[in-house]
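**Q** Here it is, the structure, as structure tokens.
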């Protein structure tokens with residue numbers, strides 16, 4: 001009967017200028033097996049040995065490599081009728097020069113209007129002209145913000161390099177882990193950092209919320225919201241605002257809310273000029289109290305990075321839905337930044353927010369750095385069967401003016417139609 005092989009990658013314990021690797025293929029029947037080596041190295045030679053054994057077979061394949069950089073070698077084995085597996089071996093030269101990494105960041109308590117944190121990755125003692133740097137956030141490569149990488153020193157055949165990356169305060173305060181990934185001589189080196197321990201009053205949390213695209217581009221009344229939660233009371237709490245163009249600005253609205261868990265929250269709303277926000281001017285919300293060791297400062301500006309317009313898809317109700325309601329779903333994906341507004345219309349008229357709900361933006365998987373959301377609308381079965389038209393309206397800054405995109409669905413249309421508004 002057919003028996004598939006077992007694979008064992010073989011590697012010497014000690015590195016030399018040239019290195020011989022092996023791939024042991026054993027306990028298979030019948031002959032033959034095919035062994036193929038793959039590598040990014042041009043300096044390699046291979047030898048395949050004949051199979052041994054009267055019943056279960058065993059064979060070996062060898063590859064010899066030489067060079068100054070680390071490389072991956074993959075042994076790929078096939079055995080009829082369907083066996084198809086690989087094993088990969090990393091080869092590091094004996095005389096590899098390992099650089100030293102140092103990852104630094106700017107203040108953990110940034111009070112500047114442009115709420116960015118600077119990450120600096122210093123790479124000391126690498127081979128000249130043999131270094132590449134990439135940045136990761138929670139193990140995912142950052143592609144929407146460009147890093148600045150410069151050579152800072154040459155010492156014979158060695159050099160030192162610095163890479164600088166700007167991230168938003170929101171990214172930093174999310175407690176994500178940021179990684180500087182350096183590749184030199186084919187080997188990866190990593191340095192990690194994350195935000196400093198909390199320096200603010202325990203329990204009191206402050207959020208600074210940007211203008212919604214709906215208010216910014218359609219209603220013409222953009223506003224910033226500063227939300228302070230988990231206060232004992234509003235007594236002696238002082239909330240002030242600063243704007244980059246002015247020393248201070250006055251909020252137009254202030255709300256206090258008492259909660260069942262005996263805490264108090266404060267909401268301060270600041271109207272902003274749309275042109276100032278779009279041009280990137282910064283704002284600060286400062287929360288102070290006599291018992292605080294220091295004021296809580298939150299800064300915000302328009303999110304930096306390459307813009308990406310959303311893709312919009314509307315799905316009809318599922319056929320299995322049997323009650324008097326019908327559920328329409330709108331998928332909005334691959335947009336950046338994450339600020340987005342979604343509304344639903346019925347025959348061109350705005351539908352109440354109580355009839356639909358929208359998820360918070362979620363990060364897309366894979367290499368795409370965009371976001372996606374779902375919006376769900378419930379309508380009466382009679383309205384759907386009467387061939388009413390329902391529209392998912394999306395407002396986002398990366399769309400063409402007037403920054404709106406609509407997708408309409410109806411039983412009378414037969415399918416959906418997409419149009420900019």
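Glycine too: its Cβ is placed from the backbone N, Cα and C atoms.
Fair warning: this is a prediction, and the values are worked out from it, not measured in the lab.
According to Swiss-Prot, the protein has these features:
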DISULFID  23-75  disulfide bond
DISULFID  121-180  disulfide bond
DISULFID  226-285  disulfide bond
DISULFID  330-392  disulfide bond
DOMAIN    99-184  domain 'Ig-like 2'
DOMAIN    310-410  domain 'Ig-like 4'
CARBOHYD  43  N-linked glycosylation site
CARBOHYD  72  N-linked glycosylation site
CARBOHYD  84  N-linked glycosylation site
CARBOHYD  95  N-linked glycosylation site
CARBOHYD  166  N-linked glycosylation site
CARBOHYD  238  N-linked glycosylation site
CARBOHYD  261  N-linked glycosylation site
CARBOHYD  365  N-linked glycosylation site
CARBOHYD  415  N-linked glycosylation site
**Q** Hey, of the glycosylation sites listed (72, 84, 166, 238, 261), which one tops the CB count within 10 A?
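**A** Answer by Cβ density within 10 Å: 166.
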**Q** Taking Cα atoms as reference points, rank the recorded positions 166, 226, 238, 365 by distance from residue 72 (N-linked glycosylation site) and give the first.
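**A** Checked the recorded positions 166, 226, 238, 365; minimum Cα distance to residue 72 (N-linked glycosylation site) goes to 365.
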**Q** Between residue 43 (N-linked glycosylation site) and residue 180 (disulfide bond), how many Å separate their Cα atoms?
**A** 30
**Q** With DSSP helix as H/G/I and strand as E/B, how many residues of the domain 'Ig-like 4' (310-410) fall in helix, strand and coil?
**A** 8 helix, 52 strand, 41 coil
**Q** What are the DSSP helix/strand/coil residue counts across the domain 'Ig-like 2' (99-184)?
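**A** When I sort the residues of the domain 'Ig-like 2' (99-184) into the three classes, I find 5 helix, 52 strand, 29 coil.
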**Q** Provide, as an integer number of angstrom, the distance between the C-alpha atoms of residue 121 (disulfide bond) and residue 166 (N-linked glycosylation site).
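**A** With the alpha carbons as reference points, the distance is 12 Å.
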**Q** Quick one: pull the CA-CA distance for residue 285 (disulfide bond) versus residue 180 (disulfide bond), whole Å only.
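**A** For residue 285 (disulfide bond) versus residue 180 (disulfide bond), the Cα atoms are 31 Å apart.
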**Q** If you skip the near sequence neighbours and keep only those at least six away, which residues in the chain come within under 8 angstroms of residue 75 (disulfide bond), Cβ to Cβ?
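**A** Sequence-distant Cβ neighbours: 7, 9, 21, 23, 35, 36, 37, 61, 63, 86, 87, 88, 89.
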**Q** Where does residue 75 (disulfide bond) sit in the DSSP three-state scheme?
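**A** Once the DSSP labels are grouped into three classes, residue 75 (disulfide bond) ends up as strand.
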**Q** Can you work out the mean pLDDT of the predicted model over the domain 'Ig-like 2' (99-184)?
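**A** 87, rounded to a whole number.
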